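Peer 1: OK, Swiss-Prot features for this one:
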- His108: active site (ACT_SITE)
- Tyr26, Gly27, Ala28, Gln29, Arg49, Ser53, Asp83, Glu84, Leu85, Gln86, Gly134: NADP(+) binding site (BINDING)
- Asp191, Glu195: Mg(2+) 1 binding site (BINDING)
- Asp191, Glu227, Glu231: Mg(2+) 2 binding site (BINDING)
- Ser252: substrate binding site (BINDING)
- 3-182: domain 'KARI N-terminal Rossmann' (DOMAIN)
- 183-328: domain 'KARI C-terminal knotted' (DOMAIN)
Amino acid sequence: MTTKMFYDKDIDTTPLENKKIAVIGYGAQGHAQANNLRDSGFDVIMGLRPGKSFDSAKKDGFEVYSAAEATAQADVVMMETPDELQAAVWEKEVEPNLKAGSYLGFSHGFNIVYGLIKPNADINVMIIAPKGPGNIERRQFVEGGGIPSLYGVHQDPTGDTAEVAKAYAKGIGSGRAGILETTFEEETTEDLFGEQAVLCGGLTQLIEAGFNTLVEAGYSPELAYFETSHEMKMIVDLIFEGGFEKMRHDCSNTCEYGEMLNGPRIITEESKQGMRDVLKDIQDGTYAKKWLAEYNSGLKDLEKMRTEYKSGLYEQTGKKVRAMMPWISDADKYSTAADTEQFSAAK
């Protein structure tokens, strides 16, 4: 089935004009969306708790309130707190102050799909999901571009939620790149699967396994890092620009033959079955239950895994290699202050 792509020229922003937008959260997506919307001429306020994000939003010139106060003023409320915090923020601050006929938005459908947030039937519920991290979203917008977004509708009592969602997506710059329709279930399932099986989980395991294979065979960790990790961006850029065809065209014949011959030895039927198992856990809610149980237990397993990865040879080698390339830090100029502080030591 062909999915229609919407661009700036296709979208009327009138449904969003004269509406006050409250963005709840000022992390990567909240920061990017709030700033992009304001630069597009929309009326944006922030709903935040006291802390670094509150101070950062104030410094950036926003009117900042508690989530409850911002919700009470707003026509559109965009939930941009982390997935694991949204249900509590919703229950304590947003739901009691949300007016009938308001528009409740999400950038990820986790809490709706798994039943953690259940808005009343008189609330319009929509999703606007940018397909990229917040700092890239902001950078592209400032430089005159945008990143694609998905939009969808879960509840539509006023009958115009899709138009409001598309106008919002245009406001954050996605109409410059393309806006596609989705559903909450589709976005949530595909997003979680992509992160876990390919983009983050699959890719990091592949990179580290390749790195360790070379090091265990006696090769230099620094050179192993270059071959299995540093060059990854260049290959992905080629795929991003023109698919596998461009990547293969720009690589040598030796590379192309070896890739086609030996790639299937790495991604085997067993690997594919693992992907199907991951997908099933996402679809039936198993992963969501595990993640919420982990969060509610204090993130003990996650913190343990974080510590193990940070102290590993791959990460330590990466720090040495990245120190040779100080220009990499230029990518951080559109990150939030909290992001920059958190990751500066990892350069």
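Using the three backbone atoms N, Cα and C, a Cβ is placed for every residue, glycine included.
It should be emphasised that the depicted structure is a prediction, and the values quoted were computed from it without experimental measurement.
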Peer 1: For the domain 'KARI C-terminal knotted' (183-328), would you mind checking the mean pLDDT of the predicted model?
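Peer 2: 96, rounded to a whole number.
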Peer 1: By CA-CA distance, flag whichever of Tyr26, Arg49, Gly134, Glu231 among the binding-site residues is nearest to Glu195 (Mg(2+) 1 binding site).
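Peer 2: Answer for the nearest of the binding-site residues: Gly134.
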Peer 1: How many of the residues that make up the domain 'KARI C-terminal knotted' (183-328) does DSSP mark as helix, as strand and as coil?
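Peer 2: Reading the DSSP string over the domain 'KARI C-terminal knotted' (183-328) gives 126 helix, 0 strand, 20 coil.
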Peer 1: Cα distance, Glu227 (Mg(2+) 2 binding site) to Asp83 (NADP(+) binding site), nearest Å?
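Peer 2: It is 35 Å, counting Cα to Cα.
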Peer 1: Report, in whole Å, the straight Cα-to-Cα distance of Ser252 (substrate binding site) from Arg49 (NADP(+) binding site).
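Peer 2: Just about 54 Å between their Cα atoms.
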Peer 1: Applying a 10 Å Cβ distance cut-off over all chains shown, what neighbour count does Asp83 (NADP(+) binding site) have?
Peer 2: 21
Peer 1: When the Cα of Ser252 (substrate binding site) is compared with the Cα of each of the recorded positions Tyr26, Ala28, His108, Glu227, which one is closest?
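Peer 2: That would be Glu227, the closest of Tyr26, Ala28, His108, Glu227 to Ser252 (substrate binding site).
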Peer 1: How many whole Å apart are the CA atoms of Glu227 (Mg(2+) 2 binding site) and Asp191 (Mg(2+) 1 binding site)?
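Peer 2: About 28 Å separates the two Cα atoms.
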Peer 1: Applying a 10 Å Cβ distance cut-off over all chains shown, what neighbour count does Tyr26 (NADP(+) binding site) have?
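Peer 2: A 10 Å sphere around the Cβ of Tyr26 (NADP(+) binding site) contains 32 other Cβ atoms.
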Peer 1: Run through Leu85, Gly134, Asp191 for me and report the binding-site residues whose CA is within 10 Å of the CA of the residue listed as 'active site', in sequence order.
Peer 2: Asp191
Peer 1: Counting other CB atoms within 10 A of each CB, which of the binding-site residues Asp191, Glu227 comes out lowest?
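Peer 2: Each of the binding-site residues Asp191, Glu227 was scored by Cβ atoms within 10 Å; lowest is Glu227.
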